[in-house]
Amino acid sequence: MWFPQIIAGMAAGGAASAMTPGKVLFTNALGLGCSRSRGLFLEMFGTAVLCLTVLMTAVEKRETNFMAALPIGISLFMAHMALTGYTGTGVNPARSLGAAVAARYFPHYHWIYWISPLLGAFLAWSVWQLLQILDYTTYVNAEKAAGQKKED
């Protein structure tokens, strides 16, 4: 799945570059005052929140959630709002690579945009597994049942 996504990221970067005049401005770069370690952790936590949202809304199949795209989109929007000024918001290695290829600009810290999403995905999966072990659905279902009893 990685290879097609990377090709698509480069194609999207090239298409966006072709459609916008002048220099490519959508590359990922650390903002002023943002160190590599800060950028690494910000990207990791932004990706973790996004991945945990996907796991809890789209992957968790205990009940159907036809509105899963809404919280996922809101999570991505919030990651962009929080991170763009600091890191340019990668949260996806293919997106970061596509923009870098289109701009022909690979900063010495480009590795952050590859390592952070992997660490963030692992962190989200770990939290999700912990919630599975703690059987969080027992509490969620008890709250839903209590809410239904109040309505009756």
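Note that the numbers count up from 1, one per residue, in the order the chain is shown.
Cβ coordinates are placed from backbone N, Cα and C, and glycine is handled just like the others.
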**OP:** Look up the topological domain names in Swiss-Prot for A103 and D135, then state whether they lie on the same side of the membrane.
**Re:** no
Subject >> Confidence summary (mean pLDDT) of the topological domain 'Cytoplasmic' (132-152) >> reply: 70
**OP:** With DSSP as the reference, give the number of residues of the topological domain 'Extracellular' (27-38) in helix, strand and coil.
**Re:** 3 helix, 0 strand, 9 coil
Original post:
Using DSSP, how many residues of the topological domain 'Extracellular' (87-110) fall into helix, strand and coil, respectively?
Top reply: 12 helix, 0 strand, 12 coil
